[in-house]
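Peer 1: Encoded as C-alpha cells, here's the structure I'll be asking about.
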Amino acid sequence: MWPLRLAWALAALGIAAGTDPSAPPPDKASIFADLTPAELRAVRDFLMGRPELGLSPSRGGSLAQNTLFLVELLPPKKRLALRHLDKGGPAPRRQARAVVFFGGQAEPNITEFAVGPLPRPSSYRPLRFKGRRTVPFAARPMTQLEYELLHRALVQATEPLYRLLRDATGFWYHNCTDRCLTFSDIAPRGLAPGERRSWFMLQRFVEGYFLHPVGLEILIDHRDPNPHRWAVQSVWYNGQYFSSPQELAERYEQGQVAVARLADHASQLLFSTYVPRGRFTTGTPTDVHGAKVCEPQGRRYRLRGNRLEYGGWSLAFRLRSSSGLQLFDLRFNEERVAYEVSVQEAIAFYGGDTPAAMQTKYIDAGWGMGSVTYELAPGIDCPEVATYLDAHHFYDTDSPVRFARAVCIFELPTGVPLRRHFNSNFQGGYQFYAGLEGHALVLRTTSTVYNYDYIWDFLLYPNGVMEAKVHATGFIHATFYTPQGRRYGSRVQSHVLGNMHTHLVHYKVDLDIAGTGNSFETVDLSFENISNPWSPDARVVQPWLHRQPRRSERQAAFPLGQALPRYLLFSNPRQHNRWGHARSYRIQHSSHAGRVLPRGWREERGISWGRYHLAVTRHHENEAVSSSLYTQNDPWEPLVNFESFIRDDESIEDQDLVAWVTVGFLHIPHAEDIPNTATPGNAVGFFLRPFNFFDEDPSVASLSPVIVRPLDQTFSRLEVQRWTPDTPGPCVAPGPFTYNGTYWPE
C-alpha cells in the first residue's frame with residue numbers, strides 16, 4: 001500500500017481541451033503552449049537514442065544509471081518572442097527543457113539540455129546557470145525508484161521494532177498487510193552540501209495518515225547510489241534518541257523506554273476523515289445543495305488552445321511541471337501590461353521539538369510543485385459549468401502522464417458590485433440608482449504537495465485589474481506530541497502536535513507598461529504644516545504625496561519586517577494618459593509575510609528571495625527564475641541565488657523591469673485545523689491595478705450595468721435602463737457528480 005502515497009511523483013504539460021477543443025491555438029499564443037504528448041515522446045525518443053548519453057528507463061534498475069527525469073517547454077527568449085508578437089517576425093524555434101540524472105558516471109551529476117527543434121528534435125545542447133553547467137547529484141529531487149529503495153531500507157530498519165510498534169500502536173511496518181505504518185520524509189536532506197540523509201516520520205496508514213504520527217522517527221543516510229551502503233544514523237522515539245533500531249528494541253525489552261501507547265483507531269470515529277459529525281444548532285439544512293455558479297446565456301469568455309480572452313483581457317498560459325501556472329503576453333484592449341506573470345516557488349519552514357519537525361523546511365518546487373496537479377472535482381474545486389483542461393506531465397516517468405481536469409476556467413460572480421451608487425434626494429427618494437455587476441474570470445489549478453494543497457488562482461476583472469491569489473488547505477504537517485512541543489504549536493489531538501510554520505510564495509511579474517521601457521517609483525504620505533490661506537492666524541496640517549523615484553535595484557528591494565510604501569508604481573515615462581499622468585500600473589500586496597530564518601543562515605541562502613516583500617530588477621535571460629528544482633536538497637549552495645540578481649545594483653530607470661513579489665503568512669495550527677486547514681483567512685496574493693493607465697475606468701465598456709431613474713416625484717413610474725436581458729433565465733442543472741482521479745502513462 002505504500003506506493004499509493006508516492007504517486008505524486010509525475011510531471012510536464014500540454015493543454016488539451018477548451019471551449020472549442022478542436023481549435024488550434026493562435027500562432028502567437030502557441031509559442032508559449034506546453035508540449036503535447038507527441039512532443040514529449042519525441043524528445044524522450046530522441047534523447048534515449050543518443051548513445052553518448054547512455055540513458056536507461058527510469059523505472060526499475062538502479063540509481064547508478066543515467067535517466068531522463070523531466071521534459072517540459074523551454075520558453076523562447078523574450079526578445080525573440082517580442083519580435084514575433086509585435087513586429088511580425090518569425091516564430092521562435094520551439095524547444096524543450098530536458099533534465100537528465102547522470103548517475104552512472106564516476107562523478108554523477110545533473111545536467112539540463114535544450115532539445116529541438118520541435119516537433120522533430122534533431123539536436124541538443126547543455127543549458128548553463130550563470131556559468132555552471134552541472135548540478136551536484138545529491139541535489140536531485142527524489143524519484144519513485146529512490147522511494148522504493150528507501151521503503152526496503154525502512155522495512156529492514158523497523159524489523160527489530162516489531163514488538164514495540166505492535167504493542168504501542170497496533171500497527172507495524174515490515175511484513176504488514178492491513179495494519180501498516182507509512183511515512184513522511186523530511187527535507188532538506190542533511191545539514192550541508194553533498195549530504196543526502198533524511199528523517200522519516202512513521203505514521204499509521206489510515207485515512208488522513210498525516211495526523212497519525214506514532215512517535216518514531218528514523219534518520220537514514222542514502223547518499224550513495226548503492227542502497228546496500230545506506231545506513232540508519234539515528235532514531236528518535238517519544239522524546240528519546242537512540243543510536244540504532246537495535247538499541248531502541250533492546251532498551252524496550254529491558255523496560256527502559258517511555259512507551260506512548262496509542263488508542264485503537266477503530267474504537268472511535270477517525271478524527272482525520274471528512275465524514276460528517278456533530279451538528280449545527282440552528283437546524284438550517286446542509287443536506288441540500290447551496291448556491292451555484294451558472295451561465296444562463298452561455299460563456300462570456302473565449303478559449304482557443306492556450307489563448308484566453310475575456311472582456312478587454314487576452315493572455316497565453318501554460319502549466320509548467322517544475323513550478324506551476326505561467327501567464328504570457330498579458331494584454332488589456334490589445335495593450336500589453338505584462339510579458340510574464342508566474343508562480344516561482346512556495347515554501348513552508350517549521351519549528352518543533354522532534355528531529356523531523358525541527359528539520360522541516362519544505363521548498364516545494366523541489367517536489368515537482370507544478371506536476372502534482374490532480375483532478376479537479378466539479379462543483380467543489382471549480383463550478384460545474386467551468387471549462388476543464390487536461391494536462392500531460394513528463395516528470396519521473398518513462399511516458400507522458402495524463403492528468404484529467406487539472407486546470408479549470410470559469411466566470412465568477414464576486415457577490416459585490418464592481419461599482420454602484422444610490423443618489424439620494426435626502427427627502428425620502430432619489431435621483432438615480434446605478435450599479436454594475438461584479439464578475440471576474442478565474443484561471444485555477446491546484447498543487448497537492450504531500451500533505452498541503454495549494455489552490456492557485458489568477459483572476460481577471462473588467463476594470464483592468466488582475467489578481468494573483470493562493471489558498472492554503474489540506475492536512476497540517478503534524479508531529480508527535482511532547483510536553484515541550486507546545487513551544488512550537490498547538491496540541492490538536494491526544495498525541496498530535498500541529499507545528500507552527502511560515503508560508504512564503506514567490507511570483508515573477510515581468511511588467512511591460514505601454515512598452516518595455518519602464519521606471520519604478522513609490523508614493524506615500526507625508527504631512528505638511530502650513531499657514532491657513534483663508535485664516536492666516538491658524539495653521540493647517542495636511543497630507544501630501546511623497547513621490548520617490550527608485551533608480552537602482554538596491555533602492556527597489558524592500559525587506560520583510562519593514563513597512564512597504566503604500567503605492568508601488570511602474571510607469572512608462574514616455575507615455576501619458578489624457579490628463580498628463582505617466583501611464584502606470586500598481587502592485588498591491590495582500591499578505592502577512594514574515595522572515596523564516598535570520599539573513600544568511602545556512603538554508604536561508606537558498607531562498608534569498610524571501611528577504612524581500614518586493615524586489616525590482618532589470619530583465620536578463622539568465623535571471624529567468626528565482627528558484628530551481630534543486631534548492632530543496634541543496635539550499636546551502638543554491639543553483640539560483642536570487643540575491644545575486646540585485647547585488648550588481650543596476651539602474652532601473654527607463655528599463656525592461658521585472659518585479660519579484662513575495663507573499664505569505666504565519667500559520668500556528670489549532671484545533672480547528674482538524675481534519676483540514678480551511679481556506680477562509682488562509683489566502684494571500686497581490687493585485688496588478690491600473691493607475692492612470694487609462695483615461696477612465698475601462699469597465700464602462702461593459703454592457704452589464706443597470707440604471708434606474710424615477711419618472712415622477714411619487715416614484716411610481718421608473719425608467720430601468722439596461723443592456724442585457726431583463727431576466728437571466730433559469731440555471732440548467734448539470735448531470736450527476738463524477739470523479740475519476742487516475743493519472744496514467746500514455
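Just so you know, glycine gets a Cβ as well, placed from its N, Cα and C.
As the structure is a computational prediction, the values presented were derived from the model and not from experiment.
Quick paste from TrEMBL:
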type     : residues : note
SIGNAL   : 1-18     : signal peptide
DOMAIN   : 39-123   : domain 'Copper amine oxidase N2-terminal'
DOMAIN   : 140-239  : domain 'Copper amine oxidase N3-terminal'
DOMAIN   : 292-699  : domain 'Copper amine oxidase catalytic'
ACT_SITE : D364     : active site, proton acceptor
ACT_SITE : Y452     : active site, schiff-base intermediate with substrate
MOD_RES  : Y452     : 2',4',5'-topaquinone
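Let's see these features in context: how buried, what's close, how far.
Peer 2: On the 0 to 100 pLDDT scale, the model's mean across the domain 'Copper amine oxidase catalytic' (292-699) is 97.
Cβ neighbours of D364 (active site, proton acceptor) (same chain, under 8 Å, six or more residues apart in sequence): E345, A346, I347, A348, S447, V449, Y454, Q632.
Neighbour count (other Cβ atoms within 10 Å of the Cβ, all protein chains): 21 for Y452 (active site, schiff-base intermediate with substrate).
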Peer 1: In the domain 'Copper amine oxidase N3-terminal' (140-239), how many residues does DSSP call helix, how many strand, and how many coil?
Peer 2: 32 helix, 31 strand, 37 coil
Peer 1: What are the helix, strand and coil residue counts for the domain 'Copper amine oxidase N2-terminal' (39-123) according to DSSP?
Peer 2: 20 helix, 28 strand, 37 coil
